[in-house]
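What follows is one structure encoded as structure tokens, with my remarks underneath.
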Amino acid sequence: MPSVLSYESLVHAVAGAVGSVTAMTVFFPLDTARLRLQVDEKRKSKTTHMVLLEIIKEEGLLAPYRGWFPVISSLCCSNFVYFYTFNSLKAVWVKGQRSTTGKDLVVGFVAGVVNVLLTTPLWVVNTRLKLQGAKFRNEDIVPTNYKGIIDAFHQIIRDEGIMALWNGTFPSLLLVFNPAIQFMFYEGLKRQLLKKRAKLSSLDVFIIGAISKAIATTVTYPLQTVQSILRFGRHRLNPENRTLGSLRNVLYLLHQRVKRFGIMGLYKGLEAKLLQTVLTAALMFLVYEKLTAATFTVMGLKSARKH
């Protein structure tokens, strides 16, 4: 129990949250382009900068940053939960010994499940707020009118039931493998580099953060597309089955995507996603590593966990 409630775990959690918020703010417009391409099926797949220029032209200069606050709030909570759970479980399991790739994957998976179950309602709300007021090409999308985060929660519970806040939970649970794969590669590459040198440079951290996220994103992207559609929840699709997030609905949406756009339809928006997620993850890990190291140095402590 002391390891779970340790000061070290809290430092890692806060550093992870600050790192993710900083990185997402810098690269937020790329995420806006990715989400539009995933959800608006009739928007033609173009290069990321062309999609962003279209959005700015049609909706205004600040449109790429629409929904920034709810996304950042959700991301801050989500990464705090993930980093705290990951480092607490790792401290309990590893107990000062050298970790392994297998242990990193298991701990990352468990931390991801805890994170999904606790924070999915926040992501459902921020997905809708981020897309509110967008000019869609797809007429099947039902517009929303939320006044803010609290009002969005209220309207969703009133009109769709409380379980609608967990729309997309099933693909989200499958997507737990994304951060688990990311952390497995990140920790593995980090261990390999630390065998050759005493300390990692900022460039080392940035590069291994980018590589680990690129691998995880490419492998799991089709499920991320389904997750975005389910969280948005405004499509007039599959009326006979309203159990959004079930395996049947996930398979239905994947099949419809392939049927309409071919196999590459599953990867629509991947360019924007890779740009955003790889750069965000790399910058996030850089801020995270520097902040944790600085905090432990200032407090006169040394990280007890061996990588």
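Glycine residues also receive a Cβ, built from the backbone N, Cα and C atoms like all the rest.
TrEMBL does not curate its annotations; it predicts them automatically.
Feature annotations, reproduced from TrEMBL:
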{"type": "REPEAT", "residues": "7-92", "note": "repeat 'Solcar'"}
{"type": "REPEAT", "residues": "99-192", "note": "repeat 'Solcar'"}
{"type": "REPEAT", "residues": "200-294", "note": "repeat 'Solcar'"}
{"type": "TRANSMEM", "residues": "12-30", "note": "transmembrane segment"}
{"type": "TRANSMEM", "residues": "67-85", "note": "transmembrane segment"}
{"type": "TRANSMEM", "residues": "105-125", "note": "transmembrane segment"}
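Residues 70, 73-74, 77-78, 81-82, 85-86, 89-90, 93, 149, 152-153, 156, 164-169, 172-173, 175-184, 231, 233 of the same chain lie 6+ residues outside the transmembrane segment (105-125) yet bring a C-beta within less than 8 angstroms of a C-beta in it. For the repeat 'Solcar' (200-294), the number of residues in each DSSP class (helix H, G, I; strand E, B; coil) is 76 helix, 1 strand, 18 coil.
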